[in-house]
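Structure first, then comments.
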Amino acid sequence: MMLASSQEGNVRIEEGVSSSTEKTEKTSPEKTRKIEPFELEKAQREEQNEEDEDGTENLEAALLPPSEQHRRQQKQQKPRVYFQRWIQLGYLSGLAMLSDWICFSVAASKDQFEELYEIEDSTKLIDWFLFTNVVSCFLVTDCVARMGLQRCIRAAAILMAIGACLRMLSSYVGYNYPLVLAGTLMVGAAQPFFQCTPPLLSAIWFASDERATSTAVALNFNQIGIATAFLVGGPMAGSGDPKGLQWYFVLMAVLCVALAVGTCLQFQAKPPTAPSPSEMDKQQNHNHKEPPFYASAIQFFRTPGFVRALAAFVCSITVTNVVGALIEEVMHRGGIEETWHVALAGGVFEVAIVLGGIVLGGYVDRTKNYKSVTTACLGISIILLLPLGLTEHKLGKEPAVMVISLLLLGFFTGPIQPINAELAVDVTFPGDETAVESTQQIFGNLVSALLMPCAEWAAHQDYQLFKRIPLLACDIRGDVILLVAVTVVTMLYFSGFHAPLKRTKADMH
């Protein structure tokens, strides 16, 4: 009986399991569906094929030359910027500032310097500096192309530090003029490596919406050096005490050595990843050796739009150089006679150039309106130049008007240089950025040097206007007429700019 009941229970359990299985199969047939052998084989074959393809691709990539492997890796990367770019900009701007500070270091203490070094004209020291500068501009492009930006900037920083130390040493060995001249020539040879490379630094390190601003800071920061020469050099070296000049030269030497050490330790070659699509495209698709400087310059003059950007650059540097050189004469016309006040006005003018570059350069970075901004700045410059040489007899001298006009002139005229440096790089893309800026610096310095004697002569020519109308009677100086004429001609010529912005298009794509 017990065996029979046990067997009967087992039968019921099996029936229950069987019925439960049938219900499960009816409710979820997909879960219990058997995988056919041919389907399993097909899946295994597909998985094996994928592994084989991956292995083949990895093997092919491993067999490629290192340069091709690097190029493929770059294609997979996206543009990126690094904080190091601000350190790079800081060092290049500081070096540019110190180089022009040394160039004009004794401009505010001429009498003291000429007496101690027993020379007749201290301005010849500036002439030798500028001559060496122009010669070095012809060499900087090829040096950077061969040795790279990092090595060239480090070497130039060391050369400038040595030159500053020689100038300092000259004041301790009987005020030796040949020694101070040798040191000045060294600094003059080093300066183009700081003046001609800002567009290259901007292209390598900065995003497309930062380039005009960074170029403006680095390119115009030398103006701070000129201002420092007047604001610091006058009180420190022109006090009548020989020790003042010695300590002045020591200060410049210490700063140059410190900056050279920092440059050697922290200035880098380039970031791991390009900062913009155009620079990434240039590194990937235009990875060729740059031609010599003269070949690049010839090609630039054949490129549509380059000459018009060059004209605007030259006009800006000419106006700022002439006004800066004649600042004492200009201020006296407005009734500002004290030496310290003249130096202060000159410093404000130079600082305004840098501030204008940052503000207007930032606007151009965001909008790429190179032409409209340049044309507007040229037009405003014409208006602001007039008060510097125009005296209305009924009103007389107006110091406040003179200073405000000078400040605004620096703000609107100075930025034309970096904006058109970037414009020239844009239209010549993928050309050598250093060659572009070297060409602009050479022509800018040469035209300034040619017009400077003309402006100095014209500054003493006074032309009467509206003599028969007492209410409107006034006089205007010849140097202002010359600068206004140059600016008007430049604005008319630049208004014909219609070249394509090649680098901007590359960034958009």
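Keep in mind that glycine also has a Cβ here, set from the backbone N, Cα and C atoms.
Nobody curates TrEMBL annotations by hand; they come from automatic prediction.
Worth saying up front: this structure is predicted, and the values here are computed from it rather than measured.
When the ranges 155-174, 175-194 are checked against TrEMBL, the one recorded as transmembrane segment is 175-194. Beyond the transmembrane segment (400-419), the same-chain residues lying 6 or more positions past its ends with a Cβ under 8 Å from any Cβ of the stretch are 198, 212, 215-216, 219-220, 223, 312-313, 315-317, 319-320, 323, 330-331, 333-336, 345, 348-357, 359-361, 364, 370, 373-374, 377-378, 380-381, 384-385, 387-388, 444. Highest Cβ pair count under 8 Å relative to the transmembrane segment (175-194), across stretches 86-108, 247-269, 370-388, 480-499: 86-108.
Counted over residue pairs separated by six or more positions, the transmembrane segment (370-388) shares fewer than 3 Cβ pairs under 8 angstroms with the transmembrane segment (247-269), which leaves the two as not touching.
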